[in-house]
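Record features, source TrEMBL:
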type	residues	note
BINDING	Lys75, Gln96, Lys99, Gly150, Ser374	substrate binding site
ACT_SITE	Lys111	active site, proton donor
SITE	Asp151	site 'Important for catalysis'
BINDING	Thr194, Asn229	NAD(+) binding site
Amino acid sequence: MVLPVEPEYEQALEELTTSLQPFLDANPQYKKALEVVQVPERVLNFRVVWEDDHGVPQVNRGFRVQYNSALGPYKGGLRLHPSVNLSILKFLGFEQTFKNALTGLSMGGGKGGSDFDPKGKSDNEIRRFCYAFMGELFRHIGADTDVPAGDIGTGAREIGYLFGAYKKLRNEFTGMLTGKGLTWGGSFIRPEATGYGLIYYVEHMIAKACPEFSLDKPSTLVAISGSGNVSQFTALKVIELGATVLSLSDSKGSLISEKGYTKEFIQQIGELKLKGGSLEKLANEEGYTYHAGVRPWTLLPTVHIALPGATQNEVSGEEAEALVKAGVRIVAEGSNMGCTTEAIDIFEASRRAGPGGVWYAPGKASNCGGVAVSGLEMAQNSQRLAWSIEEVDAKLKNIMAECFGICLSAGSKWSGEELADGVLPSLLSGANVAGFIKVADAMKAQGDWW
């Protein structure tokens, strides 16, 4: 059978398959599980027709990939961006399946969205699009079936419109979306969760690999890419702990500060982004240097911790080499599949070279805090109650600690490497193997493979 060319999905599948090889060699019965799990349970593709402010009908493509429900209802975000296509959503849904498994919560994997671009649209246009989009999607989702969430282009405003449309169509108030407002079923810490969770995961990496670069030291230099929700809260948590944030970026360029970002400036960026602005508007701010058309990784002479937080494949092989040269010790993805295959190979080779190398964490582990708190929001909705900030934050910290421990243990056992003294286990292998085993075992118990 000739399959369509889907580069992002094929990259994610190749990464998983390669990581699983030592495990599959020792447990060949699981090869059938890999063959089955890579095929989505269901793919929805539909037309979305909406009216712009001039009364002209516009059309976009809507998608929902319901990848795997072995561990619970399909769970994953809705991305609104012109780049959205089936390959990207299949890769994201595939990754989401194993990411959700690593949280320890009862969630399957899915992803959806549209090639609609919210940038430059009025609130009314976005509302009309969301109502049109939900006009088809509502048939396929529900609190015990499929629970979407936000993603790139889908923030609090869009979640509100989508929730309102669903409520009118189904005449029920139910937790069928996460990322809701606090007064109507949302959870504390949800907007912050991916960024905060990333830092909680990184703190465990630092304690194990390089405690001299702890995040309570201003001398610890942190490079972050992106400037959306994930990157903003990643940066705010780093600053709160005491380390120095050197960079943020967007699709047009990077903004570098050698002295370090301040909390107030990041809040200013947040306000700018809500209005659809780009970082180039801040190019003349004192203490900050704007670099058009380039990501931050090659712009910094010294970096200790690098946190890609924008989108997939945002660290190339050349940029990975620049980071190694700059002295980076920890690379952890806030974005999904933020590093190219070439970049990962360079980081993993550095790790295997011995003490002082780079320790890399894939997004399915290091950024699972966002979906973890989505799962906690689902639990709160089911119980018709709301936990405090302190309760949710404590649960998030515990989930990230357990996720790190699972990845460390599985990486030590199944990386297929003879680890010399001082060489750290592969968190890439650990995350992939641990997530796969949990999903595969559930599928076997439910009769999906034998």
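Cβ coordinates are placed from backbone N, Cα and C, and glycine is handled just like the others.
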- Whole number in angstrom, please: the longest C-alpha to C-alpha distance across Lys75, Gln96, Lys99, Gly150, Ser374 for substrate. 16
- Whole-number Å value for how far Lys99 (substrate binding site) lies from Asn229 (NAD(+) binding site) (Cα to Cα): 19
- Note on the structure: Filtered by Cβ under 8 Å and at least 6 apart in sequence, the residues in the chain of the residue listed as 'active site, proton donor' near it are Arg64, Val65, Tyr67, Gly76, Gly77, Leu78, Arg79, Leu89, Lys90, Leu92, Gly93, Gln96, Asp151
- Note on the structure: Taking the centre of the Cβ atoms of Lys75, Gln96, Lys99, Gly150, Ser374 as the substrate site, the remaining residues of that chain with Cβ inside 8 Å are Gly76, Gly77, Asn100, Met107, Gly109, Ala149, Thr178, Gly370, Val371
- Query: In angstrom units, rounded to an integer, how far apart are the Cα atoms of Thr194 (NAD(+) binding site) and Ser374 (substrate binding site)?
  - Reply: 10
- Which has the fewest other CB atoms in a 10 Å radius around its CB: Gln96, Thr194, Asn229, Ser374, the listed binding-site residues? Asn229
- Item | Residues satisfying Cβ distance under 8 Å from Gly150 (substrate binding site), sequence separation of at least 6 | Gly77, Leu78, Ala156, Glu158, Ile159, Thr178, Gly179, Asn229
- Name, in the order they occur in the sequence, the residues of the same chain whose CB lies under 8 A from the CB of Lys99 (substrate binding site) and which sit 6 or more residues away. Gly109, Gly363, Lys364, Ala365, Asn367, Cys368, Val371, Gly435
- Does Lys75 (substrate binding site) have same-chain partners at least 6 apart in sequence with Cβ under 8 Å from its own Cβ, and which are they? Gln96, Asn100, Met107, Gly108, Gly109, Gly110, Asp146, Val147, Ala149, Val371, Ser374, Gly375
